[in-house]
Amino acid sequence: MRSFKEIFEQYSWDEIKKRIYAVTPEEVQHSLYKRKKTLADFLNLLSPAASTELETMARITQSTTQKRFGKTIQLYAPLYLSNECQNICTYCGFSMDNGIRRKTLNNIEILSETFALKEMGIEHVLLVSGEANKTVGIDYFLNAIQLLRPHFAHISIEVQPLSEEEYRALHEAGVHSVLVYQETYHQEVYQRYHPKGKKSNFSFRLETPDRIGQATMHKIGLGVLLGLEDWRVDSFFNALHIDYLQRQYWQTKYSVSFPRLRPAEGIIEPNFIMEDRELLQLICAYRIWNEDLELSVSTRENEAFRNHIIHLGATTMSAGSKTNPGGYSVDKQSLEQFETSDERSMEEIKKIIREAGYDPVMKDWEHYL
Amino acid sequence: MTNLTIADKPFSSRLFLGTGKFGNLEVMRQAIIACESELATMALKRINLQSEADRFLDALQISNVNLLPNTSGARTAEEAVLAAQLAREALETNWVKLEIHPDPRYLLPDPIETLKATETLANLGFIVMPYIHADPVLCKRLEEAGTAVVMPLGAPIGSNKGLRTQDFLEIIIEQSRVPVVVDAGIGAPSDAAKAMEIGADAVLVNTAIAVAQNPVQMAIAFKEAVKSGRRAYEAGLAMPHTEASASSPLTSFLLGE
């Protein structure tokens, strides 16, 4: 199978880094106003040189996003199925070496959480778990999806990397979209943060979107964990990945998320701090480069940032999120994966979106699609 | 001006509206009312057919406005046919706007799946309105399959680029036995007027109105443009001449001078 690995190996981290930091203001201008944008333009727009053009980038981002997506924001909420995990990820609250109480939802608990989400008006749900293949593997997911499917219009899943056959099975069971983040494209740094468990296999993770694409999934969500390495370089590689995938799996939609490292119990401080201004620059760079990417901003981000991002490129937002299994109804006190910064309820977020002149969309999918 | 008739239903307005992308459902409603459109499309995937009250559907309950469910999101004929059947059941309409785009980037219509779905749906008694490329041959094939109209694109959907496909639209209009509705790409009232001037039977507009700073005023601007374009067409628009024709140096010898 042809995969992204072949392309990835033609690039050097250090070379790309050098290029990003050598971008000139003239190159930024050129990229801002070119008609058809390429990856080289994305590189220019996420460079330090482009940071002085943020207002212009924001203006282009706003009009481009409105043209393609209208004045709408899609809303979803995560449903954490389990915090069991056999990986050691030194930044994650669910890390195996973290002595927390482990919890995996049973059927009754899954339905209880479902009804709590339905009360909030949720139609698009994102299923999340740690990586514990024996107890929370494909059979567990298929069972959960069977329970959930009658209740939601759109089901996404963010779990450990699976095989192509397993993705096919998920797709047939009613999953429309799979999210898998590379965390970082810097191989040595990746190894350092993921010393143990199945996740320590960098290449297997790198080729995961290919397997999802082969399984004809409707949507693939990508991203890097902002804070592990230099976000500019990591984001270039993430865009390179998307550029490859869009050509290879042309019937699939792509979305990008922007998980910035947030405090969680027992984890280390991020190595690289990404400021709000930089996150906005990155979001704008993605939008100006690629008009039809869905850009998703979660409750990791703070209220003020989220209030403004509604009209600055975001297409999708979560709201009222609980990041612990059972958090909505079953076991409100279990340990969360990360602290949410925006704790406002779904109703409050809808109100904010309307006040910004946008329409909050709860449902934009059907299960027969 | 003459009325437009689609499947025995007369329309006095030749402006059809798409309802996606509006930032506010009340503004959407006002825009539809203001432009006097009688046909509004809506994505089935945005409507909650299971619940009794749906905000989106409620906002579209306007007298004189017919709802045209579309199959947006479908990637195959099979999915689109299923969507149309569910719409018929839930919304009690046998009209359907067929949108099949396997390509999620530019939302370009799949001609093969669209032809297949049109055949099936026409046989099932649907009034089919397919969104297609400006492909004159495909239009004839769709006619044979029993389509009610053809809806060729002027430019990529949402692009506001105007009538990039004008040469092909003119061939389609020249040959068509069913109404031709120019769909997608119309970015300004002048584009809509142009489409009507070249003889399109109607236009469908969404992004240009929904994303305008003042959608209601923009809807009115489109209403006026569509009317004047149609009036010009019916009045017999003088075609532009590329050469002056004051004298006839090549043929004057025939006069025996």
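Glycine is no exception: its Cβ is also placed from the backbone N, Cα and C atoms.
TrEMBL annotations: computationally assigned, not manually curated.
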- Among B:Gly158, B:Gly199, B:Gly229 - the residue TrEMBL places in the same 1-deoxy-D-xylulose 5-phosphate site as B:Ala184, B:Gly185, B:Asn206, B:Thr207: B:Gly158
- Message: Check the DSSP secondary structure of B:Gly158 (1-deoxy-D-xylulose 5-phosphate binding site), expressed as helix, strand or coil.
- Response: coil
- From the binding-site residues B:Gly158, B:Asn206, B:Thr207, pick the residue whose C-alpha lies nearest to the C-alpha of B:Lys97 (active site, schiff-base intermediate with DXP). B:Asn206
- Other than B:Gly158, B:Ala184, B:Gly185, B:Asn206, B:Thr207, which residues of the same chain sit close to 1-deoxy-D-xylulose 5-phosphate? List them in sequence order, counting a residue when its Cβ is within 8 Å of the Cβ centroid of the site. B:Gly18, B:Ala155, B:Pro156, B:Ile157, B:Ser159, B:Asn160, B:Asp183, B:Ile186, B:Gly187, B:Val205, B:Ala208
- Which ones in the same chain are close to B:Gly185 (1-deoxy-D-xylulose 5-phosphate binding site), with CB under 8 Å and 6+ residues apart in sequence? B:Leu153, B:Gly154, B:Ala155, B:Pro156, B:Ile157, B:Ser159, B:Asn160, B:Lys161, B:Gly162, B:Leu163, B:Arg164, B:Thr165, B:Asp191
- Item | Listed in sequence order, residues with CB under 8 A of B:Ala184 (1-deoxy-D-xylulose 5-phosphate binding site) and six or more positions away | B:Tyr131, B:Leu153, B:Gly154, B:Ala155, B:Pro156, B:Ile157, B:Gly158, B:Ser159, B:Leu204
- Filtered recorded positions - B:Lys97, B:Gly158, B:Ala184, B:Gly185, B:Thr207 - keeping only those with Cβ under 8 Å from chain A: B:Gly158, B:Thr207
- Query: So what sits near B:Asn206 (1-deoxy-D-xylulose 5-phosphate binding site) in its own chain, CB-to-CB under 8 Å and at least six residues off in sequence?
  - Reply: B:Leu17, B:Gly18, B:Thr19, B:Gly20, B:Lys21, B:Thr41, B:Gly158
- Message: Within a 10 Å radius of its Cβ, which of these recorded positions (B:Lys97, B:Gly158, B:Thr207) has the fewest neighbouring Cβ atoms?
- Response: B:Thr207
- Task: Please classify the secondary structure at B:Asn206 (1-deoxy-D-xylulose 5-phosphate binding site) using three-state DSSP.
- Result: coil
